[in-house]
Structures are given as structure tokens and as C-alpha cells.
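Encoded as C-alpha cells, the structure appears first; notes follow it.
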Amino acid sequence: MASDADEPLPPPMRPAAAARPKRHVLLTMHHSPDAPLAPNAQKVLLELKGVSSAASRAPLDLVAVIDVSGSMEGDKLESVKKALLFVIHKLTDQDRISIVKFDHEATRLCPLLPVTEASRARLEGLVGDLETRGSTDIRAGLLTGLDVIANRKITAGRAASIMLMSDGRQIEDGDPRQFEPGNVAVHTYGFGADHDHDVMTAIAERSLDGVYNSVPDSDNPKELAVAFAPILGGLTTIVAQDMELTVTAIQGEATIKKVDAGTYRLRTSSDISSSVTVSFGNLYSAEVRKVMVELALSDRTASQSYRASVAEVQYRFAFQGQEVTSRPQRIIIYRRRRASADPANAPLPVQTEVARLEHVASIKEAVAKADGGKLEDARNTLRAALEALRRIVDPVVDMLRRELRKLLELFETEETYRNQGRSAALSSISSHGRQRGGPDKDTLIFGTPRMITNLEQAKQRDDMPVPSADQDAQLELEERPGWLQDVLPVALRLLAAVLSLLAFSIIASARTSGWDGEYYGRYEPYRYAVAVNVIVCFYSIAQVFVRIRRSVSPQLRSTSCYRVTLFLDQVLAYLLMSASSAAASSNHLWVSRFGEDPFHAKITAAVWFSFLAFLALSANALISTANLFSRI
């Protein structure tokens, strides 16, 4: 097999802007800024994000392992064919795909073929000729798929993955859950309500960064494409391979109590308290990996307050065959006597991640109870988890709530749990464990821009052509810098903040005896203008941070957020206009009675700044309206 394991690649046809960026990965650390001198525990959230463009992604070698056994007869195999055709159309001529079919034995239908226009016809023909027969040996299919990857002639800088499409019902001897894929990601897709959830979940989790997905019974090709869109949106945007993160405690300052990285592999030093390394596999463009580290800080009650370096963080990855290692970054916490160690004072990102981890534990507990015949107890567990999320206000937590509400519906009866609820819950657990994608198209908790784009394309009309991954990348480059969605709103928010700051600063600095003397009543409109401009200034600054966060995490762009923003924009624009008008009217009255003076000049300038801030806020209201209507 090694002699024809893959075919030569055509000359690269990448967009000109796809040159290697200077930075691929960004590390962010969240923790309490200070801690007591007494011994205490501190949670530190580490976030790795792929920040380079998807246009510079690693080319993909994909092996599709297809179940054609008798149990896949009928709608299941037809669903597999439709899904596989969508996959083929999304790949480019720098990607390669091999198709392996299996029943009681496995057969490689083609070597790794570059997905050119010529090979697409061949691949589509192979898919169309798939027919069911025999019994099921999933292990044989996986071993053949892994053999295709192991015998590649061209490997430098290329990412390799396996997609397993099956109902997971092993019949032949051998347990596919014991399959050892090494460092190859195996993404599993369970077809049909009766597929073996446990087998498909176990296979994905034994791979380095594979995810289990449940594919619903449907005759609609769009529904099937939607099921594959998130993973494809990731596989065609890999910007870092063999990603690892190492946390090392500073001796004498702290020890590592626990590291929670979901279902990713942990490698510890001989003394687990001193160093832990997490292996993530591939990282997609705009994808985030979160690691929660719990540190036990040493006793420093005999010391004075000081800046303590408690741990060191370093990451490494491969890109285009080259190893990249970051500089070590220190976790610094200010140790002082009166500091609080209360977890409630932790930064919001830390609290949100703690809530998410507890959320996942609740879903696991609910599945265990439902499997034990205690469905009502399982529902009570999900209700308690939903109640626990009320204390945190965060867009990610909003998605967790939606996830729990949907699971409660699927845990309604024994039949719905058996047919849909269990697979949906296990898919959620797998998604959270890998921090990848989402359990369904409506709850893409770990979505990236390309995943969202793929979902939108999967839902479009049948007569609309499916763009390739390179076409998606080119479109993203053409759309930068995201003028209407990102740059213009932030600029207008900053402008409104600056103008309102100038307005209330000038009014507040305009002093005469009238503020406290016999003409006190004439100055009330100015006080009203000061108050409104102060509110608009702080609101605009807050919105700048919100806009930046939405740009960094597109999955946070929820419809409810846009509705609230539009409402506040309209209300504050009205208040600002009324305050400016009242101030201008009072100023005109002042001039008609007392003539022009420095006080009048200052108020006139402030009114103009306030009016310009109103125009900036009104423009943002129009943009908020456009954003809202684009999502409903």
C-alpha cells in the first residue's frame, strides 16, 4: 500500500495574502491580582487562541472511513453519501482525501487524492457506488484508515484526520473502543437514533482531539450538511499542530493542586505538583483552548507584602513543519496581608469557566441517573444546574442555559431520552471536553467564524454552489477589516464617549454665582445635560469593550445582545437630544436677558459637543438595527 498511499499535489494556488503571519497563537491569563500571605488556593485560567488568518492554514489529509455493513442499509447509507459529498466539495486542491469502506472487512477505495476538479468526479463516483453488505468490523475500518495516514509519502506541514461515519454497532470480534489512533484526530459521526453512542464516543475520546457527533435521522441534505459543517470549518482552518501547554510551579512559592483541560491528555512530571503539560493536537483559526489551573500558594505570613511569581507558562506547536516555542510567561500575584481568597472575587472569565466545568459535570451526572432508570432525578439535576447559572451574567453562560433547556426537553420521557436525549447529552459532553464546536447548530458554544460561515452555507438553497475552503478564506480576506461590523461601530462609540466627556467637562467647569445664587433655577437644564452626558460617556466606553469582545469571539453575537444594545442606543440618543435642546434653549434665554459672556460661550461649545455626540450615538443605533435584522 505504501507505494500508492498518496498522489502528487498540484502547484499551490493560495491567495497572495496567505503568507505566514508573525503570530499564530495568543496566550491570555486570568486570575485574582492579589492573594493573602497565609496559605490559600488560587484558580488561574489560561487561554490559548489561534490568532492567525485561516488563509495560512495547514493543508489537510482526510481519511473518510465509511460503514457499509447491513445495519447501514437504507436511509443511513444515503445520509452518509450526502454528507460525504458536502465534505468533498468543501476541500481544495491542496487538501487530500482517501475513502475507506468497511463491513466485515475493510477496503481502501482510493489513495489520498488531491481534491481537484478532475478528482472530484472520481470521488463522487466512488461515493455513489457505495452499497451495503455483510456484518460490521469498525476496528478493521479504523486500522485501514490509520494505515493510509501512516504510509503517506508527503507529510511535511500537513494535518491528518479521520472521519468515521457509522452506526457504531460492532458485530465482528474485537472491541473498537480499544483502538489506538496515536496522535491522529478521529471525529466520529453516529448515524441513526439506534447507533451505539458509547462506542462512537469512546473512539473519539481515545484520539488526541477528536469529537463525537450525533447525526439526526433526516431526508433533508441540509440537515446532514449542518451536522458536518462545524468540524469541516475547523479542519480547513488549522493554524497550529501538535499544540502543547506546560505549567510549571515556582518552587517555594506554589504547588499545582489540579489542572483541568477537559478530555485532553495530561503529562506530569515525576512530582505532579511541580509541572503539568497538556497536549491539544490541532488548533483552529480563532479557536480557544482553556485550561483551569488550581495553585496552592505557600505560607508567607512571616513576610511583608510582595509581588510573587507563582508559576511559569510556556506553549509550543508546529507550523509548516517548523517547531515554534513561546517565551516563558510568569503568573504574578501580589501577596499582601489583607487580601481576600474568596472565590467570589475571582475575575469573571474564571467564574464563567468554573461554571462551565460544573455544568458539564451536571450533564454527566444526569446521564448516569437516566441510564439507571431515574429519569426524574436526571431532570432535577439539569434543573439545579440551570438554577446555578443564574448568578453569572455572561454571553457564554447564556448559551449554557440554552443547552440545558434543550436537554430538559429531550429528557422529558424515556422514549425521547433513548432516541435523542442520550446522544445529544453525550455529544454535549464530548464538545465541552474538547472545547470544540457545539452539540448542535443552535448551541455552537465553541464556534469559530469559519464554523459559523459553514453553517450558514449548509442552510442555503440547494441551487447555491458550495464554496471551497480557499474561496471561504479569500472572502474573509476581502471582507477585512469588517468595516460595518467591527471598525466603524468602535470608532463611533469612542467618538461619542470623547464628545460627551468634553460636553459635561465644559459645563461642569462653567462657574458663575448663578449656581448657588438667585438664578439657581436657570441652571437646572445644564445639570440635566451634565448627568446625561456622563451616562452616555460611560455607556459608550462599555460598548467599546463589548464590541471588541464580540469581534474576538463571534459566537457571543447573540440576538438578545443586539436587542438590548439597540434599545439603549435609542433611549440614550433621545435623552441626549432632549438634554442638548434644553441646554441650548436655556442658554439662549440667558443671552437675551444678560448678554453674551464667557459662561455663555462655554455652554454654547458644550451644547455643540453634546449634539455631535447625539449624532454619533444615532449612527450607532442605525448600525445596531442593521446587526439585529441580519440575525432575525
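Each position is counted from 1, following the chain as shown.
Including glycine, each Cβ sits where the backbone N, Cα and C put it.
Per TrEMBL, the feature compositional bias 'Polar residues' maps to 422-432.
Taken from TrEMBL, the feature domain 'VWFA' covers 61-231.
Here TrEMBL flags 1-20 (among others) as region 'Disordered'.
The region 'Disordered' feature in TrEMBL is assigned to 422-443 (among others).
Taken from TrEMBL, the feature transmembrane segment covers 490-508 (among others). Outside the transmembrane segment (490-508), and at least 6 residues removed from its termini, the chain residues within Cβ reach (under 8 Å) are 526, 529-530, 533-534, 536-537, 540-541, 543-544, 547-548, 576, 583, 602-603, 605-607, 609-610, 612-613, 616-617, 619-620, 623.
Residues annotated as transmembrane segment in TrEMBL: 528-546 (among others).
Here TrEMBL flags 605-629 (among others) as transmembrane segment. Using a Cβ-Cβ cut-off under 8 Å and counting only residues 6 or more beyond its ends in the same chain, the transmembrane segment (605-629) has close neighbours at 484-485, 488-489, 492-493, 495-496, 499-500, 502-504, 506-507, 510, 529, 533, 536, 540, 543, 557, 559, 562-563, 565-566, 569-570, 572-573, 576-577, 579-580, 583-584, 587.
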Using a Cβ cut-off under 8 Å, which residues of the same chain at least 6 positions beyond either end of the region 'Disordered' (422-443) come close to it?
190, 193, 195, 197-198, 201, 204-205, 209-214, 226-227, 229-231, 234, 262-264, 287-290, 356, 359-360, 363-364, 366-367, 370-371, 399, 402-403, 406-407, 410-411, 451, 455
Any idea what the model's mean pLDDT is for the domain 'VWFA' (61-231)?
88
